[in-house]
Amino acid sequence: MGLRLLACLFHLPTAVIYGSLSLFVSILHNVFLLYYVDTFVSVYKIDKLSFWIGETVFLIWNSLNDPLFGWLSDRVFLSTQQPGAEISSPEVVLKRLRALSHNGPLFAISFLAFWVAWAHPGLQFLLCLCMYDSFLTMVDLHHNALLADLAVSAKDRTSLNFYCSFFSAIGSLSVFMSYAVWNKEDFFSFRIFCIVLAFCSIVGFTLSTQLLRQRFETDGKAKWDQESTLKELYIEKLSVPQEKRITLVEYLQQLSRHRNFLWFVCMNLIQVFHCHFNSNFFPLFLEHLLSDKISVSTGSFLLGISYIAPHLNNLYFLSLCRRWGVYAVVRGLFFLKLALSVVMLLAGPDQVYLLCIFIASNRVFTEGTCKLLNLVVTDLVDEDLVLNRRKQAASALLFGMVALVTKPGQTFAPLIGTWLLCVYTGYDIFQRNPLSNVVSAQPKLESDTILEPTLRQGCFYLLVFVPITCALLQLLSWTQFSLHGKRLQMVKAQRQGLMQGRAPEIKMI
């Protein structure tokens, strides 16, 4: 039985195994996003100064580690070479799989460090965030880079992304299961739950990467034997020019001239900000806009569905991408976000059912857009390769440079959101505890009753004006992005030509 199961796993399509890696990230990361702030604020009682110091250091490290790890991984690919040099090979894929097989289990172990008090809350908060983000960055960089390395055509990349969304949706079920064990007064059951999740993630990373490595090691060995003979003939007959090594400064200069990259990161910075704004303030909106109008189970359902629906919705968006292209779908989602926000603003905060739909759909469509943008980055990888005639696509490095510019949006979201709320209403999350009862209606103190109308109005304005502003700025940036239509087809054709460019040289020899 065990051998038959292993045989079935070995014959799974590459896209399925690649997509399954998203499952082993999402089962942990969704739980982390939902509970880490509440754990340190409500359970470990971190003070306000330590919290902001930790977030500030995390902002810096979170922005720098993506390009740093990307540069360390892909700097050897930046050298230029004569036309006809091979662009993609099993060795590149194997390098990324080895990185995933090492960093995946370490990522799962770092996840466990949050749920046991082992140091001063401020120190533990800082160390846990930086350690967790480091391993998550390594996993994300190489997993995303494989999307560009395993396929070139939009159809194949869409298929890979489809399975990522499918498995991410399954991984989001961990959020629903966590409700059964989450108890700030008794952490034992939640800790056991997290240990089980981490163990599943470790086993999954190990098994999936091993299956993919076996598959590409077989292909790589055959290809290596063939290339060794061809290189000997090539060296005997022709002199090969020395490769030109690209320094970091030269690479940054190349990126600064990459017009589509610049417009994309401007748009994506706003998108990352909006995604994390929704995640950070979703519980607050539920508490102060809906808690006295909906039941606890309804609030929990809205919170849970907001985590799983983006992945399921993305399966439909990907089918639209196959038909209309990623650019058109993303532009349509920006217009949809703007239209829904304007309708909600005109309707006002007293339309309960419309408010429920808007709060949930705002997060679902925003997260869905984020998940499509990896396809755009892979197109930028192709354009970067063609424009700069690289011998190999520096996929992880370009994903890292995108993150360098856009990841500050993760930290700006809670900072700007809490600042706007405090300026408008005088509400301070460190003096009150809005997360102590996210979706339930408890008896309010007299001071709370006085503050509630202003706080409710402030939450509503944040809810509608942030997406309106984001949508307008994103549409402005996205209209300047030209890597779609005929230009994208031309870039794809040139990269395919480079990949097949060795064949004419062999015939000449």
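Placement of Cβ uses the backbone N, Cα and C atoms for every residue, glycine included.
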(message) Could you confirm whether, in Swiss-Prot, the topological domain containing Ser256 has the same name as the one containing Lys45, so that both are on the same side of the membrane?
(response) no
(message) Would you say the transmembrane segment (55-73) and the transmembrane segment (459-477) are touching, if the rule is that at least three C-beta pairs must lie under 8 angstroms and be 6 or more residues apart?
(response) no
(request) For the transmembrane segment (11-42) and the transmembrane segment (398-424), check the count of CB pairs under 8 Å (sequence separation 6 or more) and say whether it reaches 3 or more. (result) no
(message) Can you work out which residues elsewhere in the same chain, 6+ from the ends of the transmembrane segment (354-388), have a Cβ less than 8 Å from its Cβ atoms?
(response) 80, 87, 144, 147-148, 152, 154, 157-158, 161, 164-165, 168, 254-255, 258, 260-261, 264, 268, 271-272, 274-275, 278-279, 282, 285-286, 289-290, 294, 298, 302, 305-306, 309-311, 313-314, 317-318, 321, 326-327, 329-330, 333-334, 336-337, 340-341, 343-344, 347, 394-395, 398-399, 402, 463, 467, 483, 488, 491-492, 494-495, 498
(message) Which sequence-distant residues neighbour the topological domain 'Cytoplasmic' (178-189)? Criterion: at least 6 residues beyond either end, Cβ under 8 Å.
(response) 31, 34-35, 38-39, 42-43, 115, 300, 304, 436
(message) Let me spell it out: take the transmembrane segment (154-177), skip the flanking residues so only those 6+ beyond its ends count, and list any with a Cβ under 8 Å from a Cβ in it.
(response) 15-16, 18-28, 30-31, 34, 147-148, 193, 197, 303-304, 307-308, 311-312, 314-315, 318, 321-322, 325-326, 371-372, 374-375, 378, 488, 492
(request) Output the single range from 99-116, 125-149, 260-287, 301-320 maximising the number of Cβ pairs under 8 Å to the transmembrane segment (55-73). (result) 125-149
